[in-house]
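> Shown below is the structure under consideration.
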Amino acid sequence: MKFSTVILAAGKGTRMHSNMPKVLHTLAGKPMVKHVIDTCNNLGAQNIHLVYGHGGDQMQQALVNENVNWVLQAQQLGTGHAVDQASPHFQDDEKILVLYGDVPLISEDTIESLLEAQPTDGIALLTVVLEDPTGYGRIVRKRGPVVAIVEQKDASEEQKLIKEVNTGVLVATGRDLKRWLAGLNNNNAQGEYYLTDVIAAAHDEGRAVEAVHPSHSIEVEGVNDRIQLARLERAFQARQAKKLLEQGVMLRDPARFDLRGTLQCGSDVEIDVNVIIEGNVSIGNNVVIGAGSILKDCEIDDNTVIRPYSVIEGATVGENCTVGPFTRLRPGAELRDDAHVGNFVEMKNARLGEGSKANHLTYLGDAEIGKGVNVGAGVITCNYDGANKHKTVIGDDVFVGSDCQLVAPVTIGNGATIGAGTTLTKNVAEGELVITRAPERKIAGWQRPAKKK
């Protein structure tokens with residue numbers, strides 16, 4: 001279905017108490033307006049006209065990769081005025097969908113229903129029935145059909161009793177919308193040009209006005225302050241958690257789980273409390289994710305256990321691995337099958353081979369580590385000389401004792417042993433033992449200093 005979209009995003013958002021434009025505040029790790037843009041793109045919008053005002057530079061920087069038509073509303077004179085700024089770009093025969101950058105949860109299904117309901121010569125608008133309609137424009141009907149929308153400040157006492165309210169979302173053809181926008185005036189309590197007045201204009205011309213309801217009222221809730229944003233965040237996360245539960249993922253507490261990207265899960269996956277998923281994450285079968293872990297843009301293969309409070313970003317973890325607790329895998333880290341990394345181990349741009357282990361207090365950066373390697377506690381690959389990064393290569397079946405510094409570039413051959421406390425600066429051949437230690441001294445009769453009383 002061919003259509004173009006106008007997204008209104010010019011508001012300052014005073015009640016957010018922020019220097020950032022309201023629509024750039026994030027929901028599930030993504031700016032609110034980006035949720036709306038993504039929904040439009042998923043539905044195949046031909047053009048997206050983004051009406052902006054406050055914080056234009058911040059807006060364009062944050063959305064630099066988005067294919068949108070930037071439309072400036074220099075003065076905020078109402079929703080009708082905002083849409084009118086984009087009207088020169090409307091094609092006469094195309095459907096124009098009006099959305100809002102601070103209403104991030106509107107669904108594709110609801111938009112499709114609205115587009116399908118739009119009469120050829122009329123308007124389709126999205127309405128919702130609220131127990132407390134205070135603050136919303138009321139839907140005025142006459143023997144069934146919608147004839148007008150009256151804003152709260154302009155409503156009579158009788159009209160204020162109406163519970164069906166306007167969401168601001170509507171669809172009309174470009175030709176009609178341009179004509180109706182041109183006829184708007186600001187003779188109202190706010191002194192603004194209301195988009196809602198196009199409903200009365202359509203009715204006066206005898207055009208049909210169809211009302212469509214969203215699947216859930218949360219879809220059309222807007223954000224004016226941080227309390228409302230927090231409410232939508234939890235609603236969004238609850239919806240994501242429900243989908244995962246329906247797919248068979250075991251969330252130990254759905255209320256304490258945050259998905260801020262996309263998650264692909266195999267069967268029998270268990271996710272403990274306070275886990276955060278960001279970016280694109282893939283999890284295989286029979287995987288356990290421990291409490292408080294953060295996974296971002298990573299791949300976890302089958303039968304792997306991620307113990308609590310591990311942070312994995314831009315990394316790949318193979319089958320039957322154990323990670324954590326308190327492990328950090330940074331971009332470029334790779335664990336081959338059956339590898340183990342334990343508490344306070346950090347890896348970046350490094351590969352740990354099949355069956356290899358680094359269980360305690362270790363940094364592995366710019367390293368290639370073979371199969372069956374044991375990396376002792378306190379081992380550091382010294383990969384940076386103050387100007388450039390250098391690589392450490394460790395062969396298969398190597399034993400690296402505790403508290404070693406491997407000063408790159410350095411290569412250790414298969415089966416070699418590096419004694420505890422060694423500072424290694426030269427390559428090691430296969431099977432060699434290398435030890436560098438300060439001479440041990442014993443001082444007989446030494447006594448500790450006594451504490452002063």
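Any Cβ shown, glycine's included, is placed from N, Cα and C.
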> Could you look at ALA350, ALA358, ALA420 and say which one Swiss-Prot places alongside ALA377, ASN383, TYR384, SER402, ARG437 in the acetyl-CoA site?
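Among ALA350, ALA358, ALA420, only ALA420 appears alongside ALA377, ASN383, TYR384, SER402, ARG437 as acetyl-CoA-binding in Swiss-Prot.
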> Out of the binding-site residues listed (LEU8, GLY11, ASP102, GLU151, ASN224, ARG330), which are within 10 Å of ALA377 (acetyl-CoA binding site), Cα to Cα?
none
> Measuring Cα to Cα, how many angstrom lie between GLY101 (UDP-N-acetyl-alpha-D-glucosamine binding site) and ASN224 (Mg(2+) binding site)?
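Cα-Cα, rounded: 11 Å.
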> Among all protein chains shown, how many Cβ atoms are found within 10 Å of the Cβ of ALA420 (acetyl-CoA binding site), not counting that one?
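Taking all protein chains shown, ALA420 (acetyl-CoA binding site) has 15 Cβ neighbours within 10 Å.
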> What is the one among the binding-site residues GLY11, GLY78, GLY101 whose Cβ has the most other Cβ atoms less than or equal to 10 Å away?
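Compared across GLY11, GLY78, GLY101, the most Cβ atoms within 10 Å surround GLY101.
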> Cα-Cα, whole number of Å: GLU151 (UDP-N-acetyl-alpha-D-glucosamine binding site) versus HIS360 (active site, proton acceptor)?
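GLU151 (UDP-N-acetyl-alpha-D-glucosamine binding site) and HIS360 (active site, proton acceptor) have their Cα atoms 64 Å apart.
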